[in-house]
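Below is one structure, written out as structure tokens, with a few remarks after it.
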Amino acid sequence: MWRSLGLALALCLLPYGGAESQGQSSACYKAPEWYIGDQNPMLNSEGKVTVVALLQASUYLCLLQASRLEDLRIKLESQGYFNISYIVVNHQGSPSQLKHSHLKKQVSEHIAVYRQEEDGIDVWTLLNGNKDDFLIYDRCGRLVYHLGLPYSFLTFPYVEEAIKIAYCEERCGNCNLTSLEDEDFCKTVTSATANKTAEPSEAHSHHKHHNKHGQEHLGSSKPSENQQPGPSETTLPPSGLHHHHRHRGQHRQGHLESUDTTASEGLHLSLAQRKLURRGCINQLLCKLSKESEAAPSSCCCHCRHLIFEKSGSAIAUQCAENLPSLCSUQGLFAEEKVTESCQCRSPPAAUQNQPMNPMEANPNUSUDNQTRKUKUHSN
């Protein structure tokens, strides 16, 4: 229960309710009209909470996201959240169009998967979205949340919580399309949440009284005024949630935003995240520049801006949340780490200079001195 309240608070702290747009906030505004062929998916979803996922069929992580979206749909329906429309919009690029069927196979017929026309208006651009973004609209089609990586990653609970908030809370004001059944359901949910909030408070009060009573009988001294209380059981959001959208595009070279040591102390980071936090470079990969690139044809470090690592057996999938100036095909230290993404390619000296790292994790073209915490690199 406290975890749920913590998530709701974290979502509230997102600027403009988690929504973002070019130039001004799009929170609580209706989505711009967009079509797939002659279909208007948003119009078809009127009267329902609508979840729009921007997924790329050529991306392994996106296929996992689609599969998890199906799992989330089933979970929410089992809890009584029925009146929700789920929409997946595939990327407009040719590689994604060729693998559209792979994306569609990840979900049931209850989730609509749309293929964009390559020569049509790009829906992602129209919605000001990026890969793996989730846009959540209320029943009147008003944008309640626009979540990007890493908070749109479905192993985290933020998308689920955002859907529930859009379903039962009038964040954008009253909507006359809410059914009586949904109103009754939300009243029940609100009442149950209020009861759960009261129960721990009473138990905590009784526990404090019991401890004080026991201390009096045992002759224990009172705790010092300077004594700090133990850590809260409230689940905290990952570092940077409340300012995630504000800092998009203001990436600090070589460091994952959520790895800020001062902000992330005490948070329950995954093993992969902790490993990333210890590295100077986010991810050292061998990169080959695309033939179209005007840059020198040398190896480079692939510094993705919003890295997400997904363990699947021994495989590690790395992906970038947004396009960066230069394209490169990245080959990891192991065969299964091969990634083709939009990455920022830099020449080896610029990429590796002043970066503390383990030589085993570094680019083979770089030699690193852990004492001086510097690396020297040479071109192929």
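Here the Cβ of each residue, glycine as well, is placed from N, Cα and C on the backbone.
Sequence annotations record features per position, and here Swiss-Prot assigns compositional bias 'Polar residues' to 221-237. Under the heading compositional bias 'Basic residues', Swiss-Prot lists 241-253. Annotation source Swiss-Prot lists compositional bias 'Low complexity' at 348-360. Annotation source Swiss-Prot lists N-linked glycosylation site at ASN83, ASN176, ASN195, ASN365, ASN370. Annotation source Swiss-Prot lists phosphoserine at SER264. Positions annotated as signal peptide by Swiss-Prot: 1-19.
Feature map: annotations from Swiss-Prot on the structure.
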residue	record	contacts (Cβ under 8 Å, 6+ apart)
ASN83	N-linked glycosylation site	GLY47, LYS48, VAL49, ARG139, TYR167, SER179, GLU181, ASP182
ASN176	N-linked glycosylation site	CYS140
ASN195	N-linked glycosylation site	none
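ASN83 (N-linked glycosylation site) falls outside any helix or strand according to DSSP and counts as coil. Look at ASN176 (N-linked glycosylation site): DSSP puts it in coil. In this structure, ASN195 (N-linked glycosylation site) is part of a helix by DSSP.
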